[in-house]
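These notes are about the structure you will find just below.
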């Protein structure tokens with residue numbers, strides 16, 4: 001293939017574009033449900049499932065005392081720049097007609113920090129559910145989208161150590177338990193422990209974040225591949241990589257005992273950062289015991305979470321394959337020799353402490369300590385949809401309580417009057433949009449839509465001042481004496 005290379009300010013652009021297209025063709029995923037790659041359309045059944053999941057999550061957030069906020073879908077580009085490390089390349093850039101450089105929000109955390117700084121808020125417990133955008137190669141089958149929802153819960157304010165952090169983990173535990181997605185575990189680590197570990201292993205300061213990003217891939221790559229990336233691509237010495245491997249491989253999971261063991265480690269004890277993080281991990285697990293969630297929480301040294309703004313405790317919840325043993329008591333107590341290990345099938349929540357982020361937006365650099373968690377809602381939706389497909393139970397897409405039907409012709413006015421009275425009484429009701437529908441068609445609609453009750457009007461019933469109520473599932477009928485103009489009494493339905 002011949003490509004014209006024009007001499008100018010960007011003479012290699014055509015060649016670069018061609019090579020890029022050869023190795024990274026335009027994304028076209030067979031599982032895309034809309035015309036735009038990386039996005040989806042949702043049908044009523046899918047939306048009903050999503051609403052159920054949202055209600056469960058919001059109920060949990062409110063149970064823990066959170067209030068909600070909202071922020072714009074786009075921010076000034078400078079607001080988002082430099083906050084996400086290597087993932088910054090995935091930010092969608094925009095340019096408005098006034099010339100400002102804008103970007104679609106990458107997550108809900110950075111806009112939240114900007115909101116706190118602009119409004120001089122020093123303490124708040126908030127949740128935020130909204131769409132975010134990533135300029136990523138979409139892979140719908142793996143739950144990777146360009147547009148997707150995040151469900152965030154955050155606690156901002158100066159509080160005693162690890163109490164808010166423990167509540168965030170308790171919230172993840174409650175949500176995953178209530179959604180009944182299967183076995184799960186919540187991995188916990190601390191960025192200070194990672195930084196201290198990197199320091200004592202000989203990682204240069206300027207490589208901390210990039211090496212951290214590579215270590216975070218251990219849930220998707222083997223240690224050998226991770227080591228190759230650190231050495232061959234990131235320029236880390238092989239000796240330093242091997243020392244990191246001794247920690248992240250030999251001490252993968254544990255609890256308070258593992259933290260105590262590492263505090264006594266000759267190398268780790270040389271780092272004040274690592275010791276501070278390990279002490280907080282011990283304190284965190286003591287609170288988690290009081291919250292009765294330690295059966296699912298493990299201290300995992302391989303957990304890194306690559307975002308630049310994390311400063312302390314970090315965590316991630318993963319689902320585990322059915323039939324694989326859950327986290328054992330021995331592993332919980334920090335025994336390095338535990339043989340039973342859960343197999344991860346995907347992250348469904350993540351978060352951590354970010355005490356320095358708000359100060360980046362404050363003119364005087366005033367910091368507001370923050371900790372939060374984000375629920376990976378799209379993966380959860382996929383699992384719930386799969387469960388609904390294999391289940392014999394029908395998913396109701398409406399909440400209609402009663403169908404107003406007629407047994408004879410020429411009763412449209414009476415049906416509409418009764419329907420209006422039911423609506424006015426706060427009852428969810430529906431009527432067919434035909435003047436003379438067949439009774440069988442009306443009953444079939446109820447069965448297909450899952451409407452539990454039918455209010456049947458007939459000429460004789462109207463003369464007697466009676467409405468027949470039929471339970472669709474059992475076909476049991478009862479007569480209810482009522483004046484059509486005093487139908488609010490049908491609240492007893």
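Even glycines carry a Cβ here, placed using N, Cα and C.
Residues or ranges marked as L-histidine binding site in TrEMBL: 107, 108, 109, 134, 150, 154, 305, 309, 310. Residues near residue 109 (L-histidine binding site) in space but far in sequence (CB under 8 A, at least 6 apart, same chain), listed by position: 152, 154, 309, 354, 357, 372, 374.
What TrEMBL records for 38-405 is domain 'Aminoacyl-transfer RNA synthetases class-II family profile'.
Taking Cβ-Cβ distances under 8 Å and a sequence separation of 6 or more, the neighbours of residue 310 (L-histidine binding site) in its chain are 191, 352, 353, 354. Per the record's binding annotation for L-histidine, residues 107, 108, 109, 134, 150, 154, 305, 309, 310 show a top Cα-Cα distance of 21 Å.
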